[in-house]
Each structure stands twice: as structure tokens, then as C-alpha cells.
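To start, the structure itself, in C-alpha cells.
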Amino acid sequence: LPPRHMGRSYPKEAYSIGTGQNQQGTGQQAYAPPNPMATTPTQQMPANPQLYNPQTFGIQSQQAQGSGVVPPTNNPATPVSFASPTTVATAPALDPMPETDITANFKKPTHQTGSAPPPFNPAVVNSGPRHSPPPAVDQPNGNDQQPTTNTANNPPQQQLRGKRILQPEPKNPALASRSPTLSEYGGHMPHPIASPAVSRNVNSAVASPAPKPEWESDPAYVSTTLKSWPASTDVLDKTGLPFCITFHPLAETGKEVPVINFGDANIIRCKRCRTYVNPYVAFIDGGKRWKCNICYFLNDVPREYFSIVGIEGFRYDHAERPELNNSVVEFVASPEFMHRPPQPPVYFFVIDVSYSAVASGMVQAVCNSILQAIEQKLSKNERTKIGFVTFDSTIHFYNLRSGLNSPQMLVVPEVETPFTPNPEDLLVNLQDSMPLVKKLLTSLLPELFNQTQETTSALGPALHAAYKVMASQGGKLTVFQTVLPSVGAGKLPNRQNTNSDATQRTLLQPGEQYYKNLSLELSKCQIGCDLFFFAPSYVDVATIGCLSKFTGGEINTYTLDQHNVNEASRLQNDLYRTLTRNNGFEALMRVRCSKGLCIDSHHGSFFLRAQDLMTLPNVDSDKSFTLKLKINDPKNYMTAKNLGRDGRYYATVQAGLLYTTSNGERRIRVITKCCPITDQTSDLYRDVDEKACSASIGKLAVHKAIEEGLPKAVAALKSSCSNILSKYARFSGSGQSGGQTLMLPNTMLHFPLYTLATIKNAMFRSDTPIDRRVTLMRRFETLSDTEATLWIHPNLYNLAALGDGVGEMKEPFVMPATLELTSERLDQRGIFLLDDGLAFILWVGSAVDPSMLQAVFGIQSLAEVDANNSQLQIFRRENEYSQRVNNIVDRLRSGRTGYTWMYPMKEKDPTERKFFSKLIQDRFPDSYSYREFIVEMKNSANQRR
Ligand SMILES: [Zn+2]
């Protein structure tokens, strides 16, 4: 389907929800100050003007009258809620958990048609009457939005507001008499419960240590949807919350993971279940034995590892043992972990050189990128091996044996039974053969096929040849492909033409088994496969993508043509990243769960060899693995054996990733997550991580889409949201009040928003081309919880209105405030940066101050900008404003695993749709607005009660 142009038909929504302390009303006059002189019901005005939406009160503010688009005012001190990982330094945590119960103070407002409910202010709902008196004219609180704040870049006299014509609010009968929503009622937390520990008898001689926060160095390595784990399936079912854990074993956190070398001695592991020693094991019998925290077996402590245990239950040498102080450590593997010497880093490239590959500029771009990665990184390692195969209707091998004057090319036409030359000549040491490799990439490959007219593709046979060459060593296979394979084994029919499956279930699943079978062969030989597609038309990513799905690889797609400079640069960046990031070879990841727990389902790129064992020929710092957990043995789940010293029960999940580093060291990265068990629903609500929940539910939905089709996946997303809402209503007792309210704990205020964002993501939208959908789904499955949430619900900033101190090079660094994802927040004088973690979209309004254009882009007016928007690049320029803007962009990029590519566009640009499709609070032509979604969720939740 051709993409529908989104146009400017975004209705304004006088509605907002839970963006925490930075909450703004979203009405037309959202930024208008509360007007104490107004005659309408000022008595009901809330204490915090940030949360004040005059429109819903029927107040016409003088300043805001007639403004359709209101410039967001920036307040550097305003904390942001949707903080990306890199903004953590300046962004406080989400709403602090109220310590008191608000149910006692909670009065049900009496709403009538058309009257507006009070907005949500967490500070108010917990401590005073719901309807607070209006604020004084001067706001003593520095965090409050100063209504009259207009920076020099945002002069008040400018009369550009409202240029963006917005359609009047839709006449949706469901909204005419709307009920108050959760943001307006505020979050709600149950009574804190008394610790159940009091009544339990703890045998301190054998009890495990209670986890200490300092043992968990960085949440980047592992996250869970629940920080307390349910005591039973029953307790979990009462909440409807997902119970998942996500490991990101090679996360780049900027911190060193402690490396432990036991030398010739074996690593301390449980004799029965092979769990690695970790901070949560108990040393007992004066230090002679240790109790495994996974299977509770009592192990003898080897003499050389012995240390006396002190009165508090810790060994005397506790402080000097990193493995007992860190939940994430890396052991140097002892010989027992090696079946063969660690493999060298092997890189093998399979490159399409058919007509479309050459004409699109792909071959040239790929050669440049590979050369760059080789020169800057790969050639620094003396063990690196490299090789190339190209293909069209035939297969071309390149002999790169050192000593040759020039690479020798061998063309094999017999694609049905390909003959493979001697692997030793094809897979060579990079340093030894560097001149040949350079020659191949700079002159031979780019020129050799310049005149080609070949349009057919023997991808299958070429991959098989690569597999033969690499089989004895393993390594990383990188494939570049532009057309549907049409020759030899693995040729694929165009399923899109012949398939009328409306649910796309068939198209999302692999067709031919050739690539899946091949991927299992690759996996056995420790070959991981990354795929780069450059297809304007259908190439069946679902089928070919098996190669990466089952080998720990990834899929990237590009729409290259000779005019699209952006895509070529993006390819160059991505490929460079793929080849130079922290790559692990011949990897295995085993996940052990303590008694009573097991893994229900696995999500990510791997081949599952056993329920607890994932084989990963390649693993890298950009890959996460999500596991859904299940209580399968309630009898053994909570026993005296896993009672901690503090009287709480604990359960543990430990991931051990065995891999070979690029330097040829065999390592085991061990990540241990130990959480308290609770039988209280209130604890689950208190300890829920809404981002992890949204990401996990999204991954489960991806799985459902592939198994059962898109409509069922979208229905499942909605259903899980309304299920959670209705269960919370039942829990909190608000269900008895006639279904007028929609309650959530403060810990989950954004959850419905994230759910809507997931539904509106290109993965699940109906107009996404199938190949792109598969690519996005596969990528999503491998994102960490933080990355996944940011991708689903991006951060939006206005770079043209930076408040004082924002973006200045000082600590703590102050990020601009994040804006709600609605066109209501846009301003034609603004320069908006939308950051989804994988890419930036820069949207430049048509009425940006020329001095701003000059400062940031070095241009006088937008008229100078060409069709490619090449002038709208953010470079560091010699002025203070440019420095601040660049500081912000650099700060966002710095915490990322990959390089965040930027797509600039000016207002009314044809590519503008890309930007607007991310403003998920707006109504889309085929999907509802946030407010409509809330109404539907409320109705649906009511029906469940
Ligand atoms: Zn054990």
C-alpha cells in the first residue's frame, strides 16, 4: 500500500495523562497561565499550574487566545519523565512512591456532562483535599512552569502562534460526556503492608544473605517486569502483570565488569546444578560449605577458596572477592569450558553484485564501509581472518592468499552443485593479505560488475558456499542482498503476489525451509549471520531472516538509490558498528532458575537447544534476550531453604554467557538476579517496572503476530492493558463505584500510553510493508527494556527554545524538557528533535527565527534548503547556541550502543509523515487518539468487572 500522507489533520486533544511531574494540560491553551482574575470556577483550580488545563475549565486565557499551536516553554529545572538512558543524570525517577494511602482521602468527584475533572498532582493527592485552592500569582516552587517565561529565542511579541491549522475536536459521542481519567484522579497506591518477616523463624546458620543494592552494579545488564516476584501464579493472575526477565549480557555501560581468574583451579560452581558462585549464596558451617541459591545443594568449599565466616554470615575475605560483591562478573574460562582452542575473529562477506545492487550504489557503499571498518579496527587484531564471495546468477570466489600480486577471481557457474575451492585461500589472515583485500575493495569489486545486466540472484548457493568455507572455523557472516533469490537452492517465490492472507500470518512466517535449515547448520558450526537488505521491493525477509534469527544475528534494511545520500551514510554507520562493536564468538547462554521457577518462553535471536540453553554463534553488545518466567513447582518455590536472613523468601535467576572474545579469550559472563518473593498483590503493584512491562508485552505480541496474525496480536495488546486496568480496579475497590474511574498505581501511570504507542508502532500498523514489519519485529525482540520503550515512545525536545542552562557543558548536565507526543506541542518557530533511540528525526518549523537558523545550521532561511535537506545538519558552529544544541545531541548519542542517525526535515517536507507518525497521542487516519484509547480501555475494563 502506498503510504497515506498524514497531512495536518491532527485534531487537538484537550486531554493528557501521566507524564509525571512535567505534566502539561494538552488543550489549546495548555501553556496559558492560570488566571486568578478569571470569573469562572477558580475555586477549583489546582495548586500546580503545570497541571492546569484552562480549556477544560472553560477559561479563556488572554495570552493563549486564538492559538492553535502553542510554543512549549522550556524550563531547565523541570525534570523529565520519559528519560532516555542518557538523561538519567538529570532526570529524577518517576513519581516518587507515595508513602501514605490516598484511598482514605480519595473522594469521588461529582462530574457532570461537560464539567472538567481536577487534574492530577501527585503532591496534592496524597496530602490534602482533592480540590486545592488556586495558586498564588507568584509560584514559589522553582519547578513550576513559569507561565510568562519567554526566552530570548521565543519572544512573546511574535504573533505566529496558531499558524498550524488544526481541525476542531472530533464529534465523538463517546467523548461528549467523558469520565475522569487516571491522570485526573491521580495515581493510587495501596497501604504499605507490614513486613511478613516478623512471624518467620529464620535459621541464620543456613539462611542466605539478603541482597544489597550495591551488589547490583548496573540495571543495564538485567531488568525484570517485577522487582518483587509473585509467590504464586494466583497472586500474579490477580494483577494480570507479565512476569519476565530481560538479559543484556554484553551491555556497554561504560563501566568495567570485574574479571575473575581462578587460574588452574576450577570456577566455584554448584556440584549439582552448576550454578556459578554469586553474592546470594550462603557460606555455612563456619565457611566449610556453601548453599547454592538455585538448587539449595550444600557444596563443600575447596580448601584454596576457604575463608572463615564472621558473625554476620559473611566471609572474612568478602570484600576482596568481586564474585561475592557483584551480581555481574566475568570469569576467565578454565579448560573444562573448551572443546577446541578459542576461534579467531572471522569475518566473511557475501555480496550481491547483480544489476540492482550495482545500480543502486550498494556495492560501492558496502565496499567503502567494509574497508573503513577493516582499516580502523579489524586489522588491528593480528588474528582476524577475512574472506569474500560475490554472486549474481553465478558465484565468484576470491583467492586472497598472501604473496599474490592481485586477488584471483574464480567464477563457479554450476550453482546447483557448487564447487568450493580450498578454504585456506579464501579465508585469509587480514594483516598478511591486507594489500590484496584493499585492492579488492577499492578497485576490483566496485568496477568489475559496472556493466552487469544480470538480474537474477543465486543467494542460496552463495550462502552454502560461504558455509563450506567457514564451517571449520565459525565466525561472522555478513550478507548483502537486493533482490528475491531466483536461482538454485533457496530460490523463493514472490509470496506477496500470490498470498491474499489478510492477517499476514503466512507472510510473517518463513516460507521455504531452506534458509531455516541452513541457519541450523550455521549454528552448529558457530557461524552467526547478519543480513543487510537493499530492496525497493519484496525480498521475503521473513524467510531469509531465519539466518539471523537462529544464529544471534540481526537484520537491517535500506532503500538505497543514487540520490539517497542519507541511506548510504546510514549503511556505512550501521555496518561499521556491526563489525566493530563488542562481538563475542562461539557463544552459549544458559539460564538457571531457582527451584519452582522455569522459563515459559524465549524472545530474541538464538537457537534454543534446550529449555535453558540458547546457542548463539555470535553475540554482541546490542542484543538482549527476554524470558517469560513461570512458577512450575509451587511446593518447592517457597521453603525454608530460600528464606533469607531478613525473613523474606528469595528466588534467583542466573544467566551464564560462555563466549570467545575478539582477543581469543574464553570468558563466562555471569549475571545473577535475586529478588524477594511476595504473596501480596500490593507489593507487585509497588514494585512493577512499567517500561519493562510494556516492552515484554510488546515482545509477546510480536510472537503472537507471527504465530496467529496481526489482528490477534493487536487484540492481545489491548486486552492485556484492559485486563491489568480492570484487575487493579478490583484490587483497589474502585470497581464498586460504578465504573466511573480508571485507576492505576503511580508506578504504572504511563502503561496505557505505552500500550497505545506499541499498537501504533509501525510493527503493528496495517500499512507497514511486510519486509519492513519483519525487520522491525526482529529488531524489537533484541532490544533491552529501556531501548524498547524509548523506541516505542520516543522523546521529543524543542531545540529552538532552550531555557537557561539547558545543554551547557556542566555537571549535572541539564536536558531540555521532554514534550508530549502530540502535534499540540509543535510550534512553527520550533526545531524539534524526536529521539527513538535508534534514530533522530529533526523537524524544522517554517517560521523559525532566521537568527536561530543561522546559529544552528548556518543558513539564512529555509529557502536555501534543498530537497534532501542537506543543509539541515547539526554541526558544531562557533556560537554558544550551536554548542548547546550539539551538547544535547552528543549527550543523547553517548549512552547508545549504536550510532543514532539523524533524519532532518523541514515543515511540509514530503518525508514529514515519518515524524508525525511518531506523535502517538494524536489521532491517525486509521487509529485513535490517546484520549479515545483511554475511553475504550475504560469501557473494556468495566465490561470485565
Ligand atoms: Zn545448585
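Cβ coordinates come from backbone N, Cα and C, glycine included.
The region 'Disordered' annotation in TrEMBL covers 1-196.
Summarising the annotation, TrEMBL assigns compositional bias 'Low complexity' to 18-29 (among others).
The compositional bias 'Polar residues' annotation in TrEMBL covers 37-66 (among others).
Look at TrEMBL and you will find 69-80 (among others) tagged as compositional bias 'Low complexity'.
Marked as compositional bias 'Polar residues' by TrEMBL: 140-160 (among others).
Same-chain residues lying 6 or more positions outside the domain 'Zinc finger Sec23/Sec24-type' (267-305) and placing a CB less than 8 Å from one of its CB atoms are 205-209, 211-212, 215, 260, 313-315, 323-327, 329, 331, 333-334, 592-595, 641-642, 650, 652, 654, 656, 668, 670, 672, 674. Per TrEMBL, domain 'Zinc finger Sec23/Sec24-type' is recorded for 267-305.
TrEMBL lists 584-678 with the feature domain 'Sec23/Sec24 beta-sandwich'. Under DSSP, residues within the domain 'Sec23/Sec24 beta-sandwich' (584-678) fall into helix, strand and coil as 7 helix, 63 strand, 25 coil.
Annotation comment: TrEMBL describes 689-784 as domain 'Sec23/Sec24 helical'.
Residues or ranges marked as domain 'Gelsolin-like' in TrEMBL: 813-878.
According to DSSP, the secondary structure content of the domain 'Gelsolin-like' (813-878) in residues is 14 helix, 11 strand, 41 coil.
Summarised as a single figure, the pLDDT of the domain 'Zinc finger Sec23/Sec24-type' (267-305) averages 95. Taking DSSP states H, G and I as helix and E and B as strand, the domain 'Zinc finger Sec23/Sec24-type' (267-305) has 6 helix, 11 strand, 22 coil.
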